[in-house]
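Engineer: TrEMBL feature annotations, pasted as is:
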type	residues	note
BINDING	A:Asp9, A:Ser10, A:Tyr41, A:Gly42, A:Asn73, A:Thr74, A:Thr184, A:His185	substrate binding site
ACT_SITE	A:Cys72	active site, proton donor/acceptor
ACT_SITE	A:Cys183	active site, proton donor/acceptor
There are 2 protein chains.
Amino acid sequence: MNLPIGIFDSGVGGLTVAKEIVSQMPNESTVYFGDTARVPYGSKSRDTIIKYSGQIVKFLQTKNVKAIVIACNTASAFALDILKTEIDIPIMGVIHAGAITAAKTTKVGRIGVVGTSGTISSGIYEKTIHQINNELEVIQKACPLLVPLVEEGLINDRVTDEIISRYVSELKSRHIDSLVLGCTHYPLLYKTFGRIMGEEVSLVNPAYETAKELKSLLERENLCAADDGKVFHDFYVSDMAERFSDLASSIMPGIVKKAGIVNIEEF
Amino acid sequence: MNLPIGIFDSGVGGLTVAKEIVSQMPNESTVYFGDTARVPYGSKSRDTIIKYSGQIVKFLQTKNVKAIVIACNTASAFALDILKTEIDIPIMGVIHAGAITAAKTTKVGRIGVVGTSGTISSGIYEKTIHQINNELEVIQKACPLLVPLVEEGLINDRVTDEIISRYVSELKSRHIDSLVLGCTHYPLLYKTFGRIMGEEVSLVNPAYETAKELKSLLERENLCAADDGKVFHDFYVSDMAERFSDLASSIMPGIVKKAGIVNIEEF
């Protein structure tokens, strides 16, 4: 089925998910929407996120998408269940695949989760992991400065190292052995987290796991695209198209073209 | 005239302006709106900021305000001129008073300006200072991490010190003697900026200067409130009322009550 996959996030972070989808499923086309006028989602309320996500899903449906990936942890936490009941194409978030992988990976039974304030206060990773195995201990930590630091380009920088070290100090002292990078920006800090957490801690990248889960879903539902070379990747944002394209090109080199502007409040 | 003064900002930052207004004009009532659903403004485009500001002005007019202060540098930079032509009550931003003070203060003729990406890329302080005195040199620096650092509570912290030191290093090496804190969050970092810049640099706090300018305007236009003890301060936000009230209470202790929620997109 040669229709595109819809992917959305509050901004550029979801491109780490889009990148994994393009890399694992090279025949699939994608339509990406980044809500750059209303970024960040991590500090907004449940009701607001549900409203924003609903508008974006309506927009993506005008692009004839065959499935939708909510490439944003906060929106996955708050809006996935409601959206599932409202549309008749498959829709998935980024929480489930990461939670399953973390639950499978831990040997000591203690999992750490880092994310935005919204994701952490929703408790969604803890709930999802406990649905898989009620005996696992989940230790969460909100890291509100990491998105601004990444967006300022301080990916390899001693300030970012220090801020991450402070955020994870409790997780380290409680000897977790599996850490979920529960925000789509954080895979860009994968190496730093790895160095600070040390070899005994496995990092779980929900972007990678979500793309794997999507691939299984498309195969199961017989929705995979044909290998006919007709692949496209379109990008839309609600504001600041040029800045988006610049940042996006550094995350997905050679894939991102000029982004279109959408007046998302009209949907 | 016992009607309230309307004040708005993208979030809590404008409370530094509200605080100065309440302190300098204890007889005046105020209605504050913080656009917490759509914060931050500093990284958004001109068109988006004009639209958002127009919606907020319409909301404030439903509260019968007698004058409006745009307590946000980005919105002042982008929306003030257009809003002036659209409403028939006095409206002022935070740029003008700060620019005049900086122009009067400098002895060497070199002024530094720090602010968000939006304010700095608008060039509004440079333009306004040059309208006052075309021979002054203005050196600008965008500091996108400072708002997140303040909102994370890292006001007295070595990470914030280091980030500020990096941001102002060029301003220091070019020997400015007057520095405009061109974002309403930055007065909360006044002491840190003062320590890092040293005694030879005067800091200009536009919140303080704007309240002074407003006082003159109310006196000139015969709009001052009577000293009848009937003073109120109302607060509204577009999202996350509780978090706002918590942060706001630390900036204006004893003044901030529970904030009301407004669906600002309907205006």
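Note that Cβ sites are derived from N, Cα and C of the backbone, with glycine treated the same way.
TrEMBL labels come from automatic prediction, so no person has curated them.
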Engineer: Going by DSSP, give the three-state secondary structure for A:Asp9 (substrate binding site).
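Structural biologist: Its secondary structure by DSSP: strand.
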Engineer: May I ask you to report the DSSP-based helix, strand or coil state of A:Asn73 (substrate binding site)?
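Structural biologist: A:Asn73 (substrate binding site) sits in a helix per DSSP.
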Engineer: Can you name every residue in this chain, apart from A:Asp9, A:Ser10, A:Tyr41, A:Gly42, A:Asn73, A:Thr74, A:Thr184, A:His185, with its Cβ inside 8 Å of the center of the Cβ atoms of the recorded substrate site?
Structural biologist: A:Gly11, A:Gly13, A:Gly14, A:Pro40, A:Cys72, A:Ala75, A:Thr116, A:Gly118, A:Thr119, A:Val147, A:Cys183
Engineer: Sorted by position, what residues of the same chain at least six away from A:Cys72 (active site, proton donor/acceptor) have a C-beta under 8 A from it?
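Structural biologist: Residues satisfying the criterion: A:Phe8, A:Asp9, A:Ser10, A:Gly13, A:Gly14, A:Tyr41, A:Val94, A:Thr184.
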Engineer: In Å, how large is the greatest distance between any two Cα atoms among A:Asp9, A:Ser10, A:Tyr41, A:Gly42, A:Asn73, A:Thr74, A:Thr184, A:His185, the listed binders of substrate?
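Structural biologist: Largest pairwise Cα separation, rounded: 12 Å.
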Engineer: Can you tell me the three-state DSSP label for A:Cys183 (active site, proton donor/acceptor)?
Structural biologist: coil
Engineer: Whole-number answer please: how many Å between the C-alpha atoms of A:Asn73 (substrate binding site) and A:Cys183 (active site, proton donor/acceptor)?
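Structural biologist: Distance (Cα to Cα, whole Å): 6 Å.
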Engineer: CB neighbours of A:Gly42 (substrate binding site) within 10 A?
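Structural biologist: For A:Gly42 (substrate binding site), the count of other Cβ atoms within 10 Å is 26.
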Engineer: CB neighbours of A:Asn73 (substrate binding site) within 10 A?
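Structural biologist: Taking every protein chain into account, the count is 35.
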Engineer: CB neighbours of A:His185 (substrate binding site) within 10 A?
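Structural biologist: I count 29 other Cβ atoms within 10 Å of it.
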